[in-house]
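Read through the structure below, which is laid out as structure tokens, and then see the notes.
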């Protein structure tokens with residue numbers, strides 16, 4: 001009985017049937033299907049101990065407190081810190097990118113020195129020697145630009161610039177610079193802070209408070225907390241601006257008005273308040289009253305802005321009858337607004353008696369300075385960078401011999417970008433302390449990469465818009481990934497090399513001294529069980545145990561203080577308003593109404609790679625960006641949906657596709673900012689156009705401030 | 001003809017016999033040999049005695065804690081183990097040698113122990129312990145608390161997963177029996 005053919009077939013048949021009663025075929029099919037999920041190129045979730053550490057966002061200007069999720073010590077995800085008053089658990093698209101940006105292809109991996117049209121890596125010691133030599137030779141004509149509104153690094157930068165012989169220390173223009181100018185003209189002390197948490201009627205003039213203006217994460221949380229789902233809202237929000245943007249979309253009412261007319265609308269409301277008997281003891285009230293009554297009646301405002309008299313009257317009535325009304329004024333795209341509209345908006349707060357009151361505007365004092373010889377924040381905000389660079393470009397202002405640029409990208413982030421680039425070309429030695437190869441860094445002689453916020457000590461002090469003084473710590477939670485250094489340390493090392501005494505050896509010492517100085521400030525406390533807006537509303541502030549402040553800040557809590565700078569002569573600055581705010585005829589030309597969004601980054605960060613997927617096809621399709629016009633404007637200009645057009649302004653042309661969008665008021669061309677980078681990585685580069693370059697800078701009458709709020713453009 | 005008949009009769013019987021041999025052989029291979037071939041056997045880099053630690057009164061959650069959102073917070077790091085075992089003991093007992101091996105190889109080098117985890121879920125599964133905290137740990141996990149030597153780790157040569165990784169049908173069966181939704185998005189976010 002050998003193994004003949006039949007026996008073999010029997011063996012095979014039996015074996016096959018037998019196999020069906022074993023796990024072999026079923027398990028192999030199952031495991032093979034699972035195997036297809038594990039191909040080596042599929043990204044894996046890292047494994048290890050998961051923990052959460054606290055820090056604060058520096059990439060996002062809203063200054064949210066963050067909880068960084070780490071796996072085996074590696075940061076994985078940034079989320080909002082529920083214990084932080086500027087976050088309350090919320091996080092912006094930009095703060096969310098703190099972790100991802102660590103691995104951005106645009107990161108500068110080591111110090112670089114220009115070599116013709118390219119850069120060559122150098123050591124940090126070589127960079128310091130080079131800087132010391134060039135800055136020593138440039139003494140007496142060294143300028144600096146900072147893009148960081150909130151950091152103590154500015155004290156180190158401006159103190160060093162001053163000791164080298166300052167040709168000017170400037171802040172990149174933002175809402176903070178405009179507001180600071182307005183407050184100065186009004187004779188006010190301190191930074192305007194808005195108490196959204198305690199306000200019951202909020203009039204928003206232009207400011208995109210839930211997207212790019214001020215403490216946007218905290219603003220959203222305050223708005224949400226007062227409007228629990230299914231319950232009656234505890235307050236009313238009215239938005240006035242050229243488009244139904246992310247703020248207007250959730251407000252109770254959108255009143256279409258051009259950004260150039262925000263001051264006119266404010267004075268139109270003031271007309272109603274004055275008529276109803278509003279008065280003030282502040283200097284300049286009589287002149288202000290005369291200006292308002294002389295040209296801002298309901299019909300004047302309607303003729304100039306298109307806003308109906310009954311709409312203005314209703315807003316004025318709502319404000320006058322509210323217990324805690326608040327008026328917030330800002331640019332719909334976070335820059336370029338003149339000082340006069342802010343003064344006009346603040347005048348409404350004064351008429352309503354809302355200065356330094358719960359739910360109103362607090363004039364917040366500046367936190368103590370620790371670096372000897374540093375400029376105050378108010379002094380830095382007083383500089384007019386676009387005017388300075390335009391003067392350098394035209395030859396009216398002597399070009400500095402050296403320029404230090406920290407966390408700023410003026411070649412991309414300022415209007416008239418081409419002019420700004422030409423101005424920079426006139427400066428013989430430029431150093432960029434940027435983390436990314438941005439448009440400005442690409443023009444510099446030395447690029448000395450700053451470690452990213454998750455790799456360095458830094459801080460955030462009272463971002464513009466916050467209703468209370470607030471200070472939070474940024475601390476390293478991992479070693480620098482590339483050969484980068486904290487710029488504060490580099491500047492202090494440079495000072496030592498130049499035999500300049502700035503009191504500190506490293507930047508961590510500066511931050512520690514700052515925290516120690518805060519522990520001595522009367523009225524300061526750690527926001528933990530009691531939040532600052534509760535203190536503003538009357539709850540006692542808890543005591544601060546000084547020695548524990550550093551530990552509390554490291555744990556993610558914020559130091560806060562509800563207080564106000566003493567006011568001696570805050571007035572209406574009516575003469576500025578009279579010169580700058582005119583209720584003329586509506587503009588006949590096509591006006592650019594840019595809008596900014598945190599998901600498209602900032603000039604400093606470029607576009608975070610993970611945010612690119614959140615940009616809709618009606619904003620960016622392929623490499624082309626869209627402009628938005630409503631159907632009425634499209635008809636007037638002869639534009640069709642999807643049509644390619646050329647926008648011209650300030651001597652620059654930009655391409656765009658047309659998107660018909662009814663949430664833009666007639667006569668306006670709404671255009672997204674954050675696109676059109678020529679530097680950074682492939683996530684940002686070559687995506688659409690930089691529409692800010694179309695904006696021409698003009699000087700505001702009365703204040704002399706550079707403004708570019710409503711540039712006219714041609715469409716062909 | 002006779003020979004042919006004989007062959008035919010013997011052939012059918014033989015064929016049946018070989019079929020039976022094939023059937024039984026397949027069962028032996030399928031149930032006995034195949035599983036041993038499919039899985040490679042590995043041992044933990046450190047012979048961690050759970051018994052010693054539980055006898056000291058340490059609860060599972062003290063080392064295997066959960067994150068704020070209820071997700072498993074991972075295995076203890078070398079640093080957290082080093083809080084108790086930061087120095088070599090010089091103890092020559094079996095457990096003492098393991099402690100010294102841990103200190104020498106991981107604490108002093110700053111490396112994490114490449115523990116073999118019996119039940120890591122696939123990356124495409126979101127599992128929250130917070131939603132399952134009513135159950136005893138041992139309902140799903142090996143009862144290692146009573147083991148002085150960690151059990152062998154069996155790795156599926158084809159899929160790469162541990163033999164103890166819970167399969168989808170097991171999750172679904174439990175969800176069904178508890179009246180919990182089995183919709184895809186419940187586990188696959």
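Please read every residue number as a count from 1 along the shown chain.
Each Cβ is built from the backbone N, Cα and C atoms, and glycine gets one as well.
Because TrEMBL annotations are produced automatically, they should be read as predictions rather than curated entries.
Under the heading heme c binding site, TrEMBL lists B:50, B:53, B:60, B:63, B:64, B:65, B:81. In the three-state DSSP scheme, residue B:60 (heme c binding site) falls into the helix class.
The domain 'Class III cytochrome C' annotation in TrEMBL covers B:41-94.
According to TrEMBL, the transmembrane segment annotation covers B:12-34.
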Neighbouring C-beta atoms (10 Å sphere around the C-beta of residue B:50 (heme c binding site)): 19
For heme c, with binders B:50, B:53, B:60, B:63, B:64, B:65, B:81, what's the maximum Cα separation in whole Å? 16
Sort residue B:50 (heme c binding site) into helix, strand or coil using the DSSP assignment. helix
Using the CB centroid of B:50, B:53, B:60, B:63, B:64, B:65, B:81 as the heme c site centre, which other residues of the same chain sit with their CB within 8 A? B:58, B:59, B:61, B:62, B:76
